[in-house]
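Annotation source TrEMBL lists compositional bias 'Polar residues' at 1-10. The feature region 'Disordered' is assigned by TrEMBL to 1-25. Residues or ranges marked as domain 'Major facilitator superfamily (MFS) profile' by TrEMBL: 43-428. Per TrEMBL, transmembrane segment is recorded for 46-64, 84-102, 109-129, 135-158, 170-190, 202-222, 248-266, 309-331, 337-362, 374-395, 401-421.
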Amino acid sequence: MSAPNPNDPQTAEGDFESQSSVVNEKKPDTVVDSEFPEGGSQAVKTVWGAFCVLFVQFGVMNSFGVFESQYGEVQLKNKTPSEIAWIGTFQLFFFFFTGAFVGRAFDSFGPTVLIGPGSLLLVFGLMMTSLCKEYYQFFLAQGLVFGAGSALVFYPALSSIAHWYNKKRGTMMGLTTAGSSLGGVVFPIALNKLIPVVGFPWAVRIVAFICLAFLVPATMLIKSRLPHRKFNDFSSLLDFGGFTDIRYVLFLFGAVITMLGTYNPYYYVETFAVVHNYSPSVSLYILSIQNAGSFFGRIIPGVLADKIGFVNVMALACTTAGMVLFCWLSVDSAPGLIGWAVFYGFTSGAFIALMPACIGRFTPDTTKYGGRAGLLFGFVGFSALVGPPIAGALINQDHGSFQHMIIFSGVVCLVGAAFFWGARFIREPGLFVKF
């Protein structure tokens, strides 16, 4: 079989399956596999293991709204919402930014040697958080240590699925990332129930033990399939090959801009409910309700994406999420807030769920998937770092009103969606083309 001409538009725009069947004969350390099992015992074990990883890792990370509220009322009550948000955003930044290196390390070493140490680091970060008293201690334990552990478990877990599935990749990615939403339902409720009973330190320790119970079997279940790429030098940690594809570049810009706004409601919706004097039955559960909406928002778009295309669904979902954000401006009742939270959770859930599969659409050589996905997540990390603090600063500037924060979040989501549409149509102008 001869290698295709990359300048041939038919080749450049061909579907992922046809491109990924090509073996690059000029680079013997690069293997492109056209035969994906699309199932089997080990493939299913890998999906379940990845589900467990995301259940605890993103479940705890998606619970930061509880920590934001708790810190503002007790541990760090002398700090502004924007200052407290820096703890969570540094966690997200370190998680996303180190993905550029963890993804490439996965390509070279596989998942087990990364997930094992990452699990210990994640649990250790939570244990240290339970002992923290000062702002800088929370910043280091929850932001740095937990963020680093999250990166070491997340990227190998999700990247391993791409080794086993191609045609069903969207569905399997959606099922796996639904674990993060389920965790985002369970952990906020657990923390809100445990803190008044056992206190904040032991509540966090119990969460850490739950994480350990899920991460130990996950480490044993998750396996990669393709041969590992040879590690030549540190420059090979970053795969910049995607920058030769304008679609990848546009998609990257879209992801970076969208991240500035899409996570802000997860940080501030509980504070919004408290400030507007909604009952505890609403304020304590609103974040879990929002995450429950994103549970279905990760599964259903994944199934739909297998039918009509990952980038198509991503662009549509982010456009809808931006519009729903503006609807938050008119919420003035508890039922309205609950309905809005469910709908926003659903529309925003596709952003994280489909991003890995969309990257695969621009990565015909599956053995380079980890490095290319990690690079994109690395850029997204900078947006994750500044987005919620900007939102918090807008709340302060607006004298406690959430209006400016909501407008900012909605605008950047719509601008990011415009870049996704650009990535979709720049080489595939047909309206009903699967991409």
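Backbone N, Cα and C define each Cβ position, glycine as well.
TrEMBL entries are annotated by machine, without manual review.
Taking every listed stretch (109-129, 170-190, 374-395) in turn, the largest tally of C-beta pairs under 8 A with the transmembrane segment (202-222) is reached by 109-129. Stretch with the largest number of CB pairs closer than 8 A to the transmembrane segment (170-190), among 46-64, 135-158, 337-362, 374-395, 401-421: 46-64.
Among the stretches 109-129, 135-158, 401-421, the one making the largest number of Cβ pairs under 8 Å with the transmembrane segment (84-102) is 135-158. Taken as a whole, the domain 'Major facilitator superfamily (MFS) profile' (43-428) shows an average pLDDT of 86 in this prediction. Beyond the transmembrane segment (401-421), the same-chain residues lying 6 or more positions past its ends with a Cβ under 8 Å from any Cβ of the stretch are 250-251, 253-262, 264-265, 268, 272, 275, 311, 314-315, 318-319, 321-323, 325-326, 328-329, 387, 390-392, 394-395. Only pairs six or more apart in sequence are counted, and the transmembrane segment (46-64) with the transmembrane segment (309-331) gives fewer than three Cβ pairs under 8 Å, not enough to call it a contact.
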